[in-house]
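Asker: TrEMBL lists 1-105 with the feature domain 'BRO1'. As annotated by TrEMBL, region 'Disordered' applies to 122-159. As annotated by TrEMBL, compositional bias 'Basic and acidic residues' applies to 123-152.
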Amino acid sequence: AYCYHGQTLLASDKCGEAIRSLQESEKFFAKAEALCKEYGETKGPGTTAKPSGHLFFRKLGSLIKNTLEKCQRENGFIYFQKVPAEAPQLELKANYGLVEPIPFEFPALNAHWTPETLAAFDLTKRPKDDTAKPKPDEEVKPLKEPDIKPQKDSGCQIS
C-alpha cells in the first residue's frame, strides 16, 4: 500500500512524501520477505509453498526499488523537497468505486415478540407424547435377481 501511495504522491508532485512512503514500503517489504523465507523453509505436512518466489512478490520488490530510485533522482534534480521524518498516513477508506457499502442494521422487533411469547417457547415444558419415537426399520428381504445371459441374436443389425 505504501508503494502505490508513493507512486500517487509522486504523480501529484509531492516527491518528499513519496520518498518517505517508499522507504516505509521498503522496510515492510524486507520484513515480509524474511517472514516468507522462514515460512518456505518450515517443515511440515502439506504442499511446500514459497510465497517469496511468487510473481507478485518478486515484481513488488523491483517496483519499490525502481520507484524509490526515480523519486530520489527527481527530488535531487527537480523538486528539492525535504523528506519528512514520519511516513504519510494512508487513506484506508476508499472514496471511489461503483457503489457505497450499506451498513447492516438489525430490523426492529415486532410488537408480537414479548417476553411472554418468548417464554412460551420453553422446550422443557412441552407435552410428552410417544408418537415422536422412531419406528424400528423393517428387515429388507433380499430379492433374487434373474440370471441374464448375453445373447448373440438380439435382433439388432448394423448396416
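Residue positions begin at 1 at the first shown residue.
Every residue gets a Cβ built from N, Cα and C, even glycine.
Help me picture where these features are in the structure shown.
Answerer: For the domain 'BRO1' (1-105), the mean pLDDT of the prediction comes to 88.
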Asker: What are the DSSP helix/strand/coil residue counts across the domain 'BRO1' (1-105)?
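Answerer: Final tally across the stretch: 64 helix, 0 strand, 41 coil.
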